[in-house]
Amino acid sequence: MTMTMHLGLDYIDSLVEEDENEGIYRCKREMFTDPRLFDLEMKHIFEGNWIYLAHESQIPEKNDYYTTQMGRQPIFITRNKDGELNAFVNACSHRGATLCRFRSGNKATHTCSFHGWTFSNSGKLLKVKDPKGAGYPDSFDCDGSHDLKKVARFASYRGFLFGSLREDVAPLEEFLGESRKVIDMVVDQSPEGLEVLRGSSTYVYEGNWKVQVENGADGYHVSTVHWNYAATQQQRKLRDAGDDIRAMTASSWGGDGGGFYSFENGHQMVWARWGDPKNRPLFAERDRLASEFGEARADWMIGVSRNLCLYPNLYLMDQFGSQLRITRPLSVDRTEITIYCIAPKGETPRRARRVRQYEDFFNVSGMATPDDLEEFRACQEGFAGGGMNDMSRGAKHWIEGPDEGAKEIDLHPKLSGVRSEDEGLFVMQHKYWQQQMIKAVKREQDRLIHAEGV
């Protein structure tokens, strides 16, 4: 019996508590420390549902490839000679060695360095080494039997590539739901769309992956954890009034209005109005955006900072800098984060400002990330003592469905918060996680029953 078989539905059901009448919104800290839950998450969330893989701009040319992970499984994405994108498990169909061992490159064919089998970048086995007299059976390499294993579901939305190793998942657009409209507001900043800029930062923190997924939409911690950044920015503002490359200030973040939106399938967003939107790289484009998309959407594109979580592994952040933040769980208490700066294509005159804003706050050597990582470590250490995490802040003014601001931009969240410090979005996200864990336990139980019956 596998370790996950010792997980009962009653245990899963007890991990997240929500009682509106009693004002209880909390979760047990075991959900961040139990290795049995981590095994289920890897199999049924990171390998068994849609997750973010890459952006199309990272595989721009024919024969380009890009490697990444889906849970515990290595993946690579290729653009073949016809310009079509494909995603495969990064393992030779012969004996399982990885084919692509660099982050990215350009190859029309991929030859395994173990036994020399060669595959096209469309996944077809082209040749095996020394086939003459090898004595392969007649069934060898028939009907694609030894081609590379494709990622079961692979799709793009506005240049963002997603995959699932399980076939029976909802269509991607249905999975993304209302969060697609937020993606649209970021992509539509340029007629040519977005591109990922060269360079990245990767780091590992000592904590569960869900801590980062929470924190990316946690407006409550900003003034406490990032007070030093806010103070530094205020000094810069006074000292460098004529600076062309101005970092966005955190000193009044959320003070000009903000809130959150919870969407279906664990997606969520925290937002806040900028006190100084004129420092945004896109500010000069406001008239064009208003003409194309209307005043309300143009206001959101420029005047509002937003952190959008595309559950479970991507944050699309458009605030102190513009970035993709990708979460990769390594173990129940270790998580790898990779961040990339993104920008509208063709933004050359304002590119420097965008990159400097990104580096200032978010880079691994920036003024915010190290502070966050220390809090993640401290949380994971504290979780060992058990107990409950409270998520009730703002409960008296959460709004079922869209608030007035969401209606102005035709956004229909499941829950709205009127302040960026409110915690209702964590309740919604962890309830979705709980539902996925219940489904996972049932699938594992059904699999065991089927195996015992054979």
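Here, residue 1 is simply the first one shown, and the rest follow in order.
A Cβ is built for glycine as well, from the same backbone N, Cα and C atoms used for every other residue.
Per Swiss-Prot, the features are:
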| type | residues | note |
| --- | --- | --- |
| DOMAIN | 51-148 | domain 'Rieske' |
| BINDING | CYS92, HIS94, CYS112, HIS115 | [2Fe-2S] cluster binding site |
| BINDING | HIS221, HIS226 | Fe cation binding site |
What does the structure give for the C-alpha distance between CYS112 ([2Fe-2S] cluster binding site) and HIS226 (Fe cation binding site)? Integer Å is fine.
48
Largest tally of Cβ atoms lying within 10 Å of a Cβ, found at which of the binding-site residues CYS92, CYS112:
CYS92
Neighbour tally for HIS221 (Fe cation binding site), based on other Cβ positions within 10 Å of its Cβ:
14
Check HIS226 (Fe cation binding site) against DSSP and tell me helix, strand or coil, would you?
coil
On the 0 to 100 pLDDT scale, where does the domain 'Rieske' (51-148) sit on average?
97
Just going by other Cβ atoms within 10 Å, which of the binding-site residues HIS94, HIS226 has the emptiest spot?
HIS94
Under the DSSP assignment, what numbers of helix, strand and coil residues are found in the domain 'Rieske' (51-148)?
3 helix, 36 strand, 59 coil
Which whole-number value in Å describes the distance between the Cα atoms of CYS92 ([2Fe-2S] cluster binding site) and HIS226 (Fe cation binding site)?
46
Whole-number Å only: compute the distance from the Cα of HIS226 (Fe cation binding site) to the Cα of HIS115 ([2Fe-2S] cluster binding site).
52
HIS94 ([2Fe-2S] cluster binding site) to HIS221 (Fe cation binding site): how many Å between their Cα atoms?
50
HIS221 (Fe cation binding site) to HIS115 ([2Fe-2S] cluster binding site) - Cα separation in whole Å:
53
Identify all same-chain residues not among CYS92, HIS94, CYS112, HIS115 whose C-beta atom falls within 8 angstroms of the centroid of the [2Fe-2S] cluster site's C-beta atoms; report them in sequence order.
SER93, ARG95, GLY96, ALA97, LEU99, PHE114, GLY116, TRP117
Look up HIS221 (Fe cation binding site) in the DSSP assignment and report helix, strand or coil.
helix
